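Chemist: I am attaching a structure below and will ask some questions about it afterwards.
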Amino acid sequence: MQIFVKTLTGKTITLEVESSDTIDNVKQKIQDKEGIPPDQQRLIFAGKQLEDGRTLSDYNIQKESTLHLVLRLRGGGKKRKKKVYTTPKKIKHKRKKTKLAVLKYYKVDSDGKIERLRRECPNETCGAGVFMAAMQDRQYCGRCHLTYVFEKSS
């Protein structure tokens, strides 16, 4: 039977094959006519790439069917250059951890009563456990930015 192979240039070549011929045999016949090595050939029929070990009848290729020939591309994408930074990276801030830091906020009297040294923020958005920073002339909440300023008595 006769089949057609459309090449990359748009030229159509005719091949005399049998339905029991393998795709390898067809590629060999294309090499004899066009000089393209079989390892670079990719044959496509009905949107599917034809595998080498299969026969023409496996893909239901009948007389006067047209196969499309495309070249196989090897390799992947272009290698990218690694970015070189001119300035060194900024060192991330490490928080200092102090053991038993809560002891700074409370004082125990001689009779066993606990006295709070720092004021807790009264704002509802902060919640319990948020203390205000004690400055010389003010108290400041770092979370909600509530500030109490003390007036100096003269």
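Every residue, even glycine, has its Cβ placed from backbone N, Cα and C.
If you look up Swiss-Prot, you'll see LYS6, LYS11, LYS27, LYS29, LYS33, LYS48, LYS63 marked as ubiquitin cross-link. According to Swiss-Prot, the feature domain 'Ubiquitin-like' maps to 1-76. Here Swiss-Prot flags 121-144 as zinc finger.
Please situate the listed features within the shown structure.
Modeler: Take the CB of LYS6 (ubiquitin cross-link) and look out to 10 A: across all protein chains shown you find 15 other CB atoms.
Counting only same-chain residues six or more apart in sequence, none has a Cβ lying under 8 angstroms from the Cβ of LYS11 (ubiquitin cross-link).
On its own chain, LYS27 (ubiquitin cross-link) has PRO38, GLN41, LEU43, ASP52 as residues at least 6 apart in sequence with a Cβ closer than 8 Å to its own Cβ.
With a 10 A radius on its CB, LYS29 (ubiquitin cross-link) counts 18 other CB atoms from all the protein chains. A helical conformation is recorded for LYS29 (ubiquitin cross-link) in the three-state DSSP classification.
Just so you know, the Cβ of LYS33 (ubiquitin cross-link) picks up 12 other Cβ atoms within 10 Å once every protein chain is counted.
Taking Cβ-Cβ distances under 8 Å and a sequence separation of 6 or more, the neighbours of LYS48 (ubiquitin cross-link) in its chain are TYR59.
Neighbour count (other Cβ atoms within 10 Å of the Cβ, all protein chains): 9 for LYS63 (ubiquitin cross-link).
For the zinc finger (121-144), residue counts in helix, strand and coil come to 0 helix, 6 strand, 18 coil, using DSSP.
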Chemist: Given LYS33 (ubiquitin cross-link) and LYS63 (ubiquitin cross-link), what distance in Å do their CA atoms have, once rounded to a whole number?
Modeler: 19
Chemist: Round to a whole number and give the Cα-to-Cα distance in Å for the pair LYS6 (ubiquitin cross-link) and LYS29 (ubiquitin cross-link).
Modeler: 14
Chemist: Any idea what the Cα distance is from LYS63 (ubiquitin cross-link) over to LYS29 (ubiquitin cross-link), rounded to a whole Å?
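Modeler: Rounded to the nearest whole number, the Cα-Cα distance is 16 Å.
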